[in-house]
Amino acid sequence: MRLCDRDIEAWLDDGRLVITPRPPTERISGATVDVRLGNQFRVFRGHTAPFIDLSGPKDEVSAALDRVMSDEINLPEGEAFFLHPGELALAVTLESVTLPDDLVGWLDGRSSLARLGLMVHVTAHRIDPGWQGRIVLEFYNSGKLPLALRPGMMIGALSFEPLSGPAARPYNRRQDAKYKDQQGAVASRIDKD
C-alpha cells in the first residue's frame, strides 16, 4: 500500500523520509511528491564504436563506456537543455532523497510530458530502501520535435511504499552499491557488476 499525502507529510515531519529541499505542500498530491529537474546532464558523444559488449571483460566495457559518455554538463541558470528526437540523455533531480530501510520509492514521469514523447526513466524507476542521493533520470525523446528542458521544471513524481519490515540489505549498507550517495548525472557503471 502506497503512502497517501497525509502520510507522506507525516514521514517528512518526523524525519523518516527526507527530501531536500523539502517540497512545499502544494507539490504533495494524493499519493505523490513532485520533483524538479536539476542542472546536471550527461549525453552520448559522437562515436564510432559499433557496439558495447556488456558481457565482455570489465576493463573493455569500462573503456568503451568512457569513449561514448560525455563528461557531466552543468547547465548555467536560465539555459535550456535540448533533447532531440531519438536521443537518450541522463539528468538528475534537483531534490536529494533519503529513504529509510523500510520504504521503497517509485519515480513516474508526468503525463503531460509523456504526451510530447518524453520518457523520464527508460526502465529504472525503483528507489531502493536505504537510498540516499539525487535520482538520475534517463530521458528519451520518442516524439517528433526537440524538447527544451529547463532546470527547476517539474519533471516527475515520487510515490512511496512501506515494506513488510526493514530491509536486511538496504542500499546504503551494500558493499556493491554502485551509485551510493550520487549527487550528479552518473553514467552507467555496468562494468562494476
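From the backbone N, Cα and C atoms, a Cβ is placed for every residue, glycine too.
Going by Swiss-Prot, these are the annotated features:
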- Arg110, Ser111, Ser112, Leu113, Ala114, Arg115, Asp128, Val136, Leu137, Glu138, Tyr171, Lys178, Gln182: dCTP binding site (BINDING)
- Glu138: active site, proton donor/acceptor (ACT_SITE)
- 169-193: region 'Disordered' (REGION)
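Annotation: Leu137 carries the greatest number of neighbouring Cβ atoms among the binding-site residues Ala114, Leu137 [cut-off 10 Å, Cβ to Cβ]. Taken residue by residue with DSSP, Ala114 (dCTP binding site) is part of a helix. A gap of 14 Å separates the Cα atoms of Arg110 (dCTP binding site) and Glu138 (active site, proton donor/acceptor). Considering only the binding-site residues Ser112, Ala114, Asp128, the residue listed as 'active site, proton donor/acceptor' has Ala114 as its nearest partner by CA-CA distance. Look at Asp128 (dCTP binding site): DSSP puts it in coil.
Around the Cβ of Ser112 (dCTP binding site), the number of neighbouring Cβ atoms within 10 Å comes to 9. The Cβ of Arg110 (dCTP binding site) has 17 neighbouring Cβ atoms from other residues within 10 Å, across all protein chains displayed.
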